[in-house]
Amino acid sequence: MSADRINLLRTKVFDKSKWMQLPRDVVIGHDVIEQIPAVCEDLALGDSVLIVSGGQTRDIAGKRVEALLAGSYDVVTFAANDGNPFETIRKAEEAAATAGFVIGVGGGRVIDTAKIASYNTDRHFISVPTAASHDGIASSRASVPTADGNVSLAAEPPIAVVADTAVIASAPHRLLASGCADIIANYTAILDWELSHRLRGEPLSEYALTLSRMTAEILFKNADLIKPHSEESAWLVTKALVSSGVAMSIAGSSRPGSGGEHKFSHALEKLAPGKGLHGEKCGIGAIITMYLHGGDWEGIRDSLKKIGAPTTPAAIGVDDETAVAALLAARTIRPERFTILDMGLTEESARDLVKMLYRE
């Protein structure tokens, strides 16, 4: 080797860097809500806390969290009620600005409000989900509804997750089934990510991709174990949702859990607002996109059926024409995110795909 080559090797500097924010404490199990004081003490986040909850979720778990912390912290509460979501977030930010840290106790809307308020005020966030309906309980993204459909915003990933399986199992089974569908949809999300990597050169994280695939596989293979109001089921699904959120934090984006199936879900929300839960629509979208990828779409469909999640537009109150329109409109949702639905899908093909969903 020449002297010049040796000098070149000596002067070459490795300059890659990455910042990953992951939960420090993850506490899942029966009655673990009682361990919230210990979690807060372990993290040493400050002397004051803002507890964000909703009308129902405050009764379900929020009041208990308030009572547990009242003796040791200056507790302020905030109700994330229905209304203009951005106004709700603004008010939550005002409340968070005077608190040492933020706890979100509730479902998707409450958790997302708390995460965004935490992010915008540079406060640590603890996630206390009352339902396991989607992977937002542990991710660094939040979804906010607008007149033009849901928008995805940067949010504070939780420094801790405290998921009480007794509370989660008591929620309607539809919410748990929706969470399962959201996780199983990771299968097609990572296929879209790999497709974009091959065709567009999009950066890909093997660690995040592998974790996302493994998480989806666990629920896919154990669909028979997901039963209504079972703490074992809540345990399995909640661990998967946390794992999926961690995969997103490793990737630095929602790519490990969001592909064409999510774009279809967001398009449906825009065209048929209020029809179906987020995870339910992602599950239906995953059947379609798995078919387009040439994968085991029937396996996806059958797993969703076992869990109790819908597999057709009709099952969530959406007519087939609207589903076709959503498939065609999906390419306009986050156009920078390339998926299988951006490969020239025609109206005729979209109609055939929707018909395929009803096959036995």
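Sequential numbering from 1, following the chain as shown.
Even glycines carry a Cβ here, placed using N, Cα and C.
Swiss-Prot has this to say about the protein:
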type: BINDING; residues: G108, R109, V110, I111, D112, T130, A131, A132, S133, S139; note: NAD(+) binding site
type: BINDING; residues: D135, D182, H266; note: substrate binding site
type: BINDING; residues: D182, H262, H278; note: Zn(2+) binding site
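Features as recorded by Swiss-Prot, highlighted on the structure.
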{"residue": "G108", "record": "NAD(+) binding site", "DSSP class": "helix"}
{"residue": "A131", "record": "NAD(+) binding site", "DSSP class": "coil"}
{"residue": "D182", "record": "substrate binding site", "DSSP class": "helix"}
{"residue": "H262", "record": "Zn(2+) binding site", "DSSP class": "helix"}
{"residue": "H278", "record": "Zn(2+) binding site", "DSSP class": "helix"}
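Note on the binding-site residues H262, H266, H278: the fewest other CB atoms within 10 A surround the CB of H278. Between the alpha carbons (Cα) of D112 (NAD(+) binding site) and D135 (substrate binding site) lies a span of roughly 11 Å. Cβ crowding, taken as the number of other Cβ atoms within 10 Å, peaks at D182 among the binding-site residues D112, D135, D182. Listed in sequence order, the binding-site residues from G108, V110, A131 having a Cα within 10 Å of the Cα of D182 (substrate binding site) amount to none.
Listed in sequence order, the residues H134, D135, A181, A185, G257, S258, E261, S265, G279, K281, C282 complete the 8 Å Cβ shell around the Zn(2+) site centroid, once D182, H262, H278 themselves are left out. Here the binding-site residues are V110, A131, and the one with the most other Cβ atoms within 10 Å of its Cβ is V110. Ranking the binding-site residues H262, H266, H278 by the distance of their Cα atoms from the Cα of A131 (NAD(+) binding site) places H278 first. Taking the Cα atom of each, S133 (NAD(+) binding site) and H278 (Zn(2+) binding site) are about 8 angstrom apart. If you take the CA of G108 (NAD(+) binding site) and look 10 A around it, the binding-site residues you hit from D135, H262, H266 are D135. Around G108 (NAD(+) binding site), taking its Cβ as the centre, 22 other Cβ atoms fall within 10 Å, counting all chains.
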